[in-house]
Amino acid sequence: MSQSDRVSEHRILTGKVVIATHNAGKLVEMRELLAPFGVEAVSAGELGLAEPDETGTMFSENAAIKAIAAAEASDLPAFADDSGLCVDALDGAPGLFSARWAGPDKDFSGAMARIEAELAKRGATDRRAHFVSALVLAWPDGHTELFEGRVFGDLVAPRGALGFGYDPMFRPDGLDRTFGEISSEEKHGVDWQSGNALSHRARAFVTLAAACLRRPG
Ligand code: IMP
């Protein structure tokens with residue numbers, strides 16, 4: 001059954017949800033995003049759930065693999081995000097392999113240096129890039145819903161020690177600071193009046209919230 005076949009009507013999420021990530025940076029962002037909705041978030045790490053192999057060929061497939069595995073193992077609804085940085089002049093790389101470019105030591109200085117080296121090898125002057133987040137919400141009975149968000153910008157020499165991953169080299173359109181130079185609130189905060197948000201994950205979350213979350217009271 002394809003991802004789209006599984007998507008039917010939206011279900012409203014209440015109570016407890018598993019955040020199917022072992023990435024501390026993403027966990028903090030997702031917890032903060034969920035806070036206003038009265039949903040209790042537990043992480044896959046806290047529940048001791050195994051991390052499934054990410055064998056998909058698209059962000060949405062990998063997010064579904066992680067969310068479905070966590071929902072089945074915990075018997076609770078589960079969220080998973082799969083995300084990455086896509087560089088235009090590198091035909092979308094590192095893309096699905098964004099985490100893997102940093103190697104087992106999670107060396108993102110090395111991964112950012114590799115992007116520069118690959119651009120130099122191609123003689124590329126185009127420095128456009130975007131982050132993508134595919135967010136899947138899966139229920140223990142197999143129902144899933146997919147939401148996606150993107151943020152476009154330019155690659156610059158790494159600046160700033162905030163954030164994680166490739167944040168220091170990504171300057172989003174409309175800002176003169178990189179994701180490494182802005183607070184987590186500015187990066188993934190949501191203006192719930194307008195629905196505006198900056199980061200790819202926050203943008204995906206806004207669409208998810210409209211479909212599946214309600215404010216208490
Ligand atoms: P995932 O855990 O397979 O989704 O790995 C995504 C990888 O993409 C992360 O390890 C980071 O390297 C990168 N990435 C995703 N979102 C962000 C972000 O918001 N800032 C910086 N890097 C990110």
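Cβ atoms here come from the backbone N, Cα and C positions, even for glycine.
TrEMBL lists D82 with the feature active site, proton acceptor. Taking all protein chains in view, 25 other C-beta atoms sit within 10 angstroms of the C-beta of D82 (active site, proton acceptor).
Within the same chain, the residues at least 6 positions away from G25 (substrate binding site) whose Cβ sits under 8 Å from its Cβ are G163, F164, G165, listed in sequence order. The secondary structure of G25 (substrate binding site), as reduced to three states from DSSP, is helical. Taken from TrEMBL, the feature substrate binding site covers T21, H22, N23, A24, G25, K26, S83, F164, G165, Y166, D167, K187, H200, R201.
Taken from TrEMBL, the feature Mg(2+) binding site covers D53, D82. The secondary structure of D82 (active site, proton acceptor), as reduced to three states from DSSP, is extended strand.
Looking at T21 (substrate binding site) and D53 (Mg(2+) binding site), their Cα atoms lie 12 Å from each other.
Residue pair D53 (Mg(2+) binding site) / H200 (substrate binding site) shows a Cα separation of 23 Å. The CA atom of D167 (substrate binding site) is located 16 Å away from the CA atom of D82 (active site, proton acceptor). Cβ neighbour counts within 10 Å, taken over all protein chains shown, single out S83 as the most crowded of the binding-site residues T21, N23, S83.
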